[in-house]
Amino acid sequence: MLGPCMLLLLLLLGLRLQLSLGIIPVEEENPDFWNREAAEALGAAKKLQPAQTAAKNLIIFLGDGMGVSTVTAARILKGQKKDKLGPEIPLAMDRFPYVALSKTYNVDKHVPDSGATATAYLCGVKGNFQTIGLSAAARFNQCNTTRGNEVISVMNRAKKAGKSVGVVTTTRVQHASPAGTYAHTVNRNWYSDADVPASARQEGCQDIATQLISNMDIDVILGGGRKYMFRMGTPDPEYPDDYSQGGTRLDGKNLVQEWLAKRQGARYVWNRTELMQASLDPSVTHLMGLFEPGDMKYEIHRDSTLDPSLMEMTEAALRLLSRNPRGFFLFVEGGRIDHGHHESRAYRALTETIMFDDAIERAGQLTSEEDTLSLVTADHSHVFSFGGYPLRGSSIFGLAPGKARDRKAYTVLLYGNGPGYVLKDGARPDVTESESGSPEYRQQSAVPLDEETHAGEDVAVFARGPQAHLVHGVQEQTFIAHVMAFAACLEPYTACDLAPPAGTTDAAHPGRSVVPALLPLLAGTLLLLETATAP
């Protein structure tokens, strides 16, 4: 006869089994469901035709630290927020028809940082760890290795071709990833001149904020990073009583004012209301919006009355940039995905990924894939894992069904290293469902570190639009920059010989040579002249 404890255990197991079976749609038990779904996907794939024209516009969406495990977990979370089981609901990026893998290593490191990876996917050249916009001949923190080793970004090439260009990020605009569009520095942490050693300043090395306004003419700059633009002691408009949030510059410069003075029609804003007004004003030709002293707030902490979302910043940028008949280049970064992972707080990383995906979806609604090449990728991954055989439909932040060898619960999401390593009385603490579901919860880590690290595996590249079919297979991260340059007939691919996108004239898109088209007319004219002058 079974005892009361065994009966209770069987009851709980039966309830768990009933719940797990009850949430699975009945139609999924029928093979026809899966055969029909696969046949529909196959039919769509057979109809897929490469867009062989040139791209008028280029958009690269960069999910900082958004490895494949992050994409999968975010897909489930986004689906569950819509009251679905999770994995069956595609993300906006999932709908891009072409996918490849990108090798993210730096020249000197198996596991990369965001500075050297930015050099790879934006400039088409690999560099050394923690350097930006420089070839591998430059050495980290050695100012005298800068000059002569600069490499040029696709954004810079787009500007030279007459396109408008913009940078949108949830980090500070001087951070490693956005800086890859415009800066050349041997140290990614030289945000303002206060961060640059005196010896490097004497050698002529400029801080990243100075390069932001002087290296090239950027039409739209949106993100955080106010304090690096103003002289030390300048109060911040949002936090006037907090000295630590004020200006940091030692040279006494007001870089925002310098930027405004050089550009007719330029506008500077620091809050959401001003951004919305400026983006709708046809007299505004250049827009700089800096919404926090440093990085922007996580989406879960964002004050929607003061701080715009990534989607709103992307929409504002597209409004301004799309006015140029020659097209545009736009860099959009979900930068705080990375920061959430570094903190071992998966809730923050995944909600940032969802916001990033929302921006991708909105941009797709505001542009056409006939003339806009859109790429989505990550600079690197994280030591972020997703396992433990959780039941489908269970919370992505929940507990695995079984216990660990120490007879304690463990979460579905874990980190290989980081600040989540905790011992309580010499042992791993137990964790409850309510704890693991908190936005502030740190997932447990195997190795104790103050900050969780990047990972070295390949990351995904999603592509849609003209020349997107070139994104295939397993490629070096540098390939991304070259695909963008070729698709838009930018240097070094100005002789791309691609037809202009629909609705675009050759004058607005000079990449295709007009000489071949004129040859028959020229030959006919010469023949008529020869006939007329014949005796």
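Positions of Cβ are set from backbone N, Cα and C atoms, glycine also.
In Swiss-Prot, the feature GPI-anchor amidated aspartate is assigned, of Asp113, Asp241, Asp430, Asp506, to Asp506; the remaining candidates carry no such note in the record. Swiss-Prot records a disulfide bond between Cys143 and Cys205, which is the match among Cys123, Cys205. Swiss-Prot annotates Asp64, Ser177 as Mg(2+)-binding residues; of Glu333, Glu343, Glu352, the candidate listed for that same site is Glu333. Same-site candidate for Zn(2+) 2 binding, as annotated by Swiss-Prot with Asp338, His342, chosen from His454, His469, His472: His454. Listed by Swiss-Prot as binding Ca(2+) are Phe291, Glu292, Asp307; the candidate from Glu238, Glu258, Glu361 that the record includes in that site is Glu238.
Beyond the ends of the region 'Disordered' (425-449), by six or more residues, the same chain brings 300, 343-348, 351, 395, 397-399, 404, 406, 408-411, 413-419 to within a C-beta distance below 8 angstroms of the stretch. Each of the recorded positions Ser114, Ser177, Asn271 was scored by other CB atoms within 10 A of its CB, and the lowest score goes to Asn271.
Nearest by CA distance to His380 (Zn(2+) 1 binding site), out of the recorded positions Cys143, Ser177, Cys205, is Ser177. In the shown protein chains, 13 other C-beta atoms lie within 10 A of the C-beta of Asn144 (N-linked glycosylation site). Candidate disulfide-bonded residues: Cys143, Cys205, Cys489, Cys496. Fewest other C-beta atoms within 10 angstroms, Cys496.
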